[in-house]
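This report concerns only the one structure given below.
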Amino acid sequence: MNSPNRGEESPKEEPDRDKDAAEESESKRLLPSQSPSLSSDDENEVAFESREKVVIVDLETPESILNVDYVPPFSWKKLWLFTGPGFLMSIAFLDPGNLEGDLQAGAIAGYSLLWLLMWATVMGLLIQLLSARVGVATGRHLAELCREEYPTWARLVLWFMAELALIGADIQEVIGSAIAIQILSNGALPLWAGVLITASDCFVFLFLENYGVRKLEAVFAVLIATMALAFAWMFGDTKPNGKELLIGILVPRLGSKTIRQAVGVVGCVIMPHNVFLHSALVQSRDIDPKKRGRVQEALNYYTIESSVALLVSFMINLFVTTVFAKGFYGTKQANNIGLVNAGQYLEEKYGGGLFPILYIWGIGLLAAGQSSTITGTYAGQFIMGGFLNLRLKKWLRALITRSFAIVPTIVVALVFNTSEASLDILNEWLNVLQSIQIPFALIPLLTLVSKGHVMGVFRIGPTLEKLAWTVAALVIVINGYLLLDFFVSEVKGLLFGLFICIWTAAYIAFIVYLISRGGALPSTWFSIELSKRFSANGT
């Protein structure tokens, strides 16, 4: 008896079903990368579980809810809800390695490299916004996408390189924290003890994470505010020359004697693990990736938030550079200042005062070291989980990630704690280690953010693609110069030189593979122009 009724209803329902099927097909075509991540949370590693995400509260009309392209108007309340991931990302611009680059640039080059610091921060912002774009538009972070994009052997090489970069950064951050603890304890605690104390931040991180993402972000806000206050206090105490500061920002200057510091300023900006980290952090907000308007809204807010965060980081770096430019530029101590002895030099130069500048420096350095080691632990979770698809409990993954860095750091602290010179040599090698890894974060990022089948309608356009590749090429070339300069001065002996040559050949071959594998370079940049020239020559 029911069959006739169904037969009568089916002609009326058929057009609606066809329309729904067409809309679903179009949605999948535009954002094909969303369906796997949404349907396989139980099978695949995810950056944040649904219950962990911050819910973006909104009052909407029924019409706007149904419209997938609807972008809600700007709201300060929403901006506040989206604020957090960009500030966690900005910690990498303020880690002890960056602070050492700042103080050396100020002591050796004076105010002359401030313009480069500003533009390097702008370049870093562009790369980080692309990282955020990948995370929001696809619902997956960069390590997860690399796992799907590349064959197993290439994926494992990329994972190994990302882990090396993370370990190198973490050693610098932990050593920086240990130096700060040594300063604040008035030398009572040796470097290795500071390393062990810093290692405990893993447990602090796990404790805070249990209370939610917003609580963790609040702790980082306090640490960044501590850095800003400490270094601003130093800036006010030392009273750098305002006119020289303004000229340094607005007028590009670069001398032959400051080229190495210039390379260091740019090289410190792009941190490989930070590129992976930001693409995961933006997923801490509950955004429906099927609604294109909501994705665009999130990208708008993250752009504002990240820009403000990196403006704050630029100001902090500016404070450090100008303090050392005012105190040590043109002095005999300029070429000998490093992270270990910087506080002592400041104390000798500016004296004690109401609150000794040595301890102000120590507080700022401790805040930088502690915040960056915790974000390093965070990044390690995403890198390991994404590349290897590990469904481990977060406490276990954090413990494993922390051990990767802490064990070699303790060894390093014991071996290199003999003199300040040995720690400076260590820092140079660690900078080289991280510089080597930069292409293995930038090339996959720019490859994926340009692919339509990955990004859908949110793939970047030709102009932005050219700009991004120009920035990436500039950063890679600058770091290549740093590597060449370092190896020429440090590599001695035929056997070691032969090893470096073989390794360099393999390194370049893998970079070429990554570029060719993904068709990474913008087709409108080179290939079309070359084809025109060849066709012109043929005619």
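Even glycines carry a Cβ here, placed using N, Cα and C.
What TrEMBL records for 1-29 is compositional bias 'Basic and acidic residues'. Per TrEMBL, the feature region 'Disordered' maps to 1-46. For 30-39, the entry in TrEMBL reads compositional bias 'Low complexity'. The transmembrane segment annotation in TrEMBL covers 114-136, 156-183, 189-207, 219-236, 308-329, 350-368, 399-416, 436-455, 467-488, 494-515.
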Two-stretch contact, the transmembrane segment (350-368) and the transmembrane segment (156-183), at least three Cβ pairs under 8 Å: yes
Same-chain residues near the transmembrane segment (494-515), Cβ under 8 Å, at least 6 residues beyond its ends: 154, 157, 436, 439-440, 443-444, 447, 487, 521
Distant-in-sequence neighbours of the transmembrane segment (219-236), which means Cβ under 8 A and at least six residues beyond its ends: 87-88, 90-91, 94, 208, 312, 315-316, 319-320, 322-323, 346, 355, 357, 360-361, 363-364, 367-368, 370-371, 374-375
